[in-house]
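Listed in Swiss-Prot:
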type	residues	note
SITE	R20	site 'Transition state stabilizer'
SITE	K27	site 'Transition state stabilizer'
SITE	R157	site 'Positions MEP for the nucleophilic attack'
SITE	K213	site 'Positions MEP for the nucleophilic attack'
Amino acid sequence: MAATLLDVCAVVPAAGFGRRMQTECPKQYLSIGNKTILEHSVHALLAHPRVTRVVIAISPGDHRFAQLPLANHPQITVVDGGNERADSVLAGLQAVAKAQWVLVHDAARPCLHQDDLARLLAISENSRVGGILASPVRDTMKRGEPGKTAIAHTVERADLWHALTPQFFPRELLHDCLTRALNEGAIITDEASALEYCGFHPALVEGRADNIKVTRPEDLALAEFYLTRTIHQEKA
């Protein structure tokens, strides 16, 4: 029988640096308003009553996290992350070995809406595999010629989706798929790709396109706009 309305643990891989932000400070520690991007991302998870624990995987040399209020939050656990995202996620999964379902959320994705999170969590009522938040591709997509800045051809956008986070899976299934994929040298770009590698087909749960990941300098102002708009809407 599929699990129904069980408590959920979350893993946030936050050991990366994000060199495309062109800043000495890791992007998850840049501020939007009076909170860091990481705090916005984690608080969005903790705002849902089913999320009882968040494991944050940080770099072993990270001295910034200890200065945040999150460091003393009773629902937060910190573990050492690895060189790659998958290594950090596996470290987080080890810390929640008894959890049945886990969310994995980007440390630099601060604009998660509660209605999107609720719809993603609801799939645990009927799914044995899990799924991800995703946004349908609306722009015309071009594939470039290998090694060149020239168009090779237009890619049919029907059935193309932008993968977002959180991604939500049974803990044991995700652990086993990540472990197998890494052991066999598969290229893992997100958690869903590990399940795909092992022959599973996670669900696509349509989410809002403003659930952006802060990757480049211009993303910071856009994320601030989205967060400010959400705050104003909640107060209205």
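Every residue, even glycine, has its Cβ placed from backbone N, Cα and C.
When the recorded sites K27, R157, K213 are scored by other C-beta atoms within 10 Å, K27 scores highest.
Reported as a whole number, the C-alpha separation between K27 (site 'Transition state stabilizer') and K213 (site 'Positions MEP for the nucleophilic attack') equals 10 Å.
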